Amino acid sequence: QSNATVGASGSWCQGLDIPNELFLVLGLVSLVENLLVVAAILKNRNLHSPTYYFICCLAVSDMLVSISNLAEMLFMLLLEHGVLVMRPSIVRHMDSIIDMLICSSVVSSLSFLGVIAVDRYITIFYALRYHSIMTLQRAVVTMASIWLASTVSSAVLITYYCSNTILLCLISFFLFMLVLMLVLYIHMFALARHHLHSISSQQKPPATHRGGSLKGAVTLTILLGVFFICWGPFFLHLILIVTCPTNPFCTCFFSYFNLFLILIICNSVIDPLIYAFRSQELRRTL
């Protein structure tokens, strides 16, 4: 019985054999989607507002995820098949550059997801003061600060990647963004529910308003669900690296790292569908 248990656990800990072609296909789909978003926002002057600039920056961050993934896959394939021959020192240098690009895209994507949540919160709860709160100048400063911070932090992370302190900082950042989005979206969800309840209490509740409130509540639930499913396993992986690097269960969990990367790339594919393509103006431009 013990031998059977060991064999079963061993098979579970083999990880998933994910073909490189899947990484390449998802990366290309994400790249095309996010390129369309950026092109549409730049082309249509009606979309030149802080809200759409933040969505554009999120699309650029997701493009970096796709480009870094495609670059790494192509780089590895060329090396494996002997098409590209490089000294080990140059390979390590190229690997560090690609890793820095990946880390920068991860940090900036998380940051802009949080900024979009804050922007939507201001739009709903401070609608009359929105244009005085979220001015174009403040939006530009916010975007520049995020790009600068993500570049610096990714350089520090790659330089000191063996330090648990650095990993704890990245984990803390993820948890902060998760809590921020959770609090803001729950508050917005509560407003949509209250709106639906107030309409339902009338004698003849308009179906269109009820549908709009329900649609808004469902959208917020989808946003949080997608964020947690796509990013959660990767950051749980980092937490286990810090807390139990030699534990058999944790070691088994580490073997699924490629699956966690696939989920992050899937997030880059899903983001435009949630944040950008729901806009009628943007769809018309496309």
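Note that Cβ sites are derived from N, Cα and C of the backbone, with glycine treated the same way.
According to TrEMBL, the feature domain 'G-protein coupled receptors family 1 profile' maps to 33-275.
If you look up TrEMBL, you'll see 22-42 (among others) marked as transmembrane segment. For the transmembrane segment (22-42), the list of distant contacts is 48, 52-53, 55-56, 59-60, 62-63, 65-67, 69-70, 73-74, 261-262, 265-266, 268-269, 271-273, 276-277, 282, 285-286: same-chain residues at least six beyond its ends, Cβ to Cβ under 8 Å.
As annotated by TrEMBL, transmembrane segment applies to 54-77 (among others).
Residues or ranges marked as transmembrane segment in TrEMBL: 97-118 (among others).
The annotation transmembrane segment is assigned in TrEMBL to 139-159 (among others).
Tertiary neighbourhood of the transmembrane segment (165-192): same-chain residues 107, 110-111, 113-114, 117-118, 120-121, 124-125, 156-157, 213-214, 216-217, 220-221, 223-224, 227-228, 231, 235, 238-239, 241-242, selected by CB-CB distance under 8 Å and a gap of 6+ residues from either end. Under the heading transmembrane segment, TrEMBL lists 165-192 (among others).
Residues annotated as transmembrane segment in TrEMBL: 213-241 (among others).
Per TrEMBL, the feature transmembrane segment maps to 253-277 (among others).
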Long-range neighbours of the transmembrane segment (139-159), counting only residues six or more past its ends (CB under 8 A): 50, 53-54, 57, 96, 99-101, 103-105, 107-108, 111-112, 115, 166, 170
Folded-back contacts onto the transmembrane segment (253-277), same chain, C-beta under 8 angstroms, at least six residues removed: 13-16, 18, 22-23, 26-27, 29-30, 33-34, 36-37, 40, 55, 58-59, 62-63, 65-66, 69, 106, 109, 116, 219, 222-223, 226-227, 229-231, 233-234, 236-237, 240-241, 283, 286
Which bits of the chain, at least 6 residues beyond where the transmembrane segment (54-77) starts or stops, bring a Cβ under 8 A of a Cβ in it? 20, 23-24, 26-28, 30-31, 34-35, 37-38, 41-42, 84, 94, 98, 101-102, 104-106, 108-109, 112-113, 115-116, 119, 139, 142-143, 146-147, 261, 264-265, 267-268, 271-272, 275-276
